């Protein structure tokens, strides 16, 4: 289940430190609050919940089961949206991965905490979203988004093989997720069609990478040595127990091969036969099965299935290959309205208020539905030219230029670069120099949808932990997980919305603050 070399389990039980300095990639800004800055990120909302899980969710049906437990489809009692809950037995662990001496179960539990810590840190449109964590004497409960489309594996069984456009759109999303993971020093180690889910059965354009139980943090100077993975997709260097993050690229190459011809490059009657072929690394493009497949596709497969991982392409290089660029979707004229609205909403957003930032990010990342996010998610992925799951200054400028090419909607905007700098200053909540997926969704979505009374009430209740009807600075410090921030800074944050100067924020003041940060009108 584990994430070796990961953050400590204490990060899961508490909250992630969000106190950063003002130095960042690509952008420099002045410190506020006497040099103190508070970074906002979606992971701060994922905490181990108190109480029984049955008080928050009720079971609809079982979705599946495995060695560690089962996955249930559940509904929220407050909000009624569907979630998938991974139920992990505390008494279960892979005895083959541990010695039989002491503290086996403790080690297993530590790895689960590490998996949770990893999932908290991820914010990408093609990676599973974690919402809540519960724990009792017998089980861990991981509450995630529910994807009704099933596994990519099922699509492969039903369709046998895919045309190059469909295959390219699938691979672009998988590689984008892997590229994002690798840039954050995370290796998945079990990429396979069973761990790729579809949001719905009618579209291949929104897939999710799931099951980070074998994932690990890595460093460039340290070779991974655990032999983990699934026979068809395991890289030869993993069998030798000396490898790096490029083992994920090999797995992607195997998936791409299967998508285009319907069978794996390394087959066999059993795992032992398959592994023998993987160890040799020899595969072929059968003429009859591959005669109508482009040379660009074969070239990319060869790059990803290069036996020597030192010579193998990276996920980013694969993502920017000729085949992906030729066959995968890009921004077109039909995207004009959504793109225009997204850029307009970012321009109008005033993100100086930290409490408002935290509230809008919570609503956008945790309370919106897949359907509500669909169009903006598609635009985000198309703007993300290098596929790393983040928008940088160059990509935002290109977005403006693309829109101008369609129609002179932004003719009054004279200095695009200056405008993009302002957008990054306002929308980059976590101060990393990029606009992350959840930041983009939260700021770009129509506020008439985002700011329903129910969602504003749920956001307010997130801060009002003692249910007193007022938000205090102590509650803010607890949510942000910061103990080193000065009292003056918290007073400033509270004062952003405290209209009656009672050193607390009631619901009416909270709503007023939220409506001030951006105009309701879309572009």
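Even glycines carry a Cβ here, placed using N, Cα and C.
Given the ranges 345-352, 369-376, 377-384, the record in Swiss-Prot names 345-352 as motif 'J domain autoinhibitory motif'. Per Swiss-Prot, the stretch carrying the note motif 'J domain interacts with the EF-hand domains' among 320-330, 331-341, 353-363 is 353-363. Residues of the same chain lying 6 or more positions beyond the ends of the motif 'J domain interacts with the EF-hand domains' (353-363) and with a Cβ under 8 Å from any Cβ of it are 38, 40-42, 44-45, 429, 438-439, 442-443, 450-451, 455-456, 458-460, 462-463, 471, 476, 479-480, 493-494, 496-497, 505, 510, 513-514, 516-517. Nonlocal intrachain contacts for the domain 'EF-hand 1' (371-406), taken as residues 6+ away from its ends with a CB within less than 8 angstroms of a stretch CB, comprise 26-27, 123-127, 172-173, 175-177, 179-180, 183, 205-206, 316, 319-320, 329-331, 333, 335-336, 338-340, 342-343, 413, 416-417, 419-421, 423-424, 432-437, 440-441, 444-445, 449. A count of other CB atoms within 10 A of each Cβ picks out 117 as the most crowded of the recorded positions 117, 230, 386.
Here the domain 'EF-hand 3' (451-486) returns a mean pLDDT of 85 for the predicted model. Note: the Cα of residue 388 (Ca(2+) 1 binding site) and the Cα of residue 216 (phosphoserine) are spaced 19 Å from each other.
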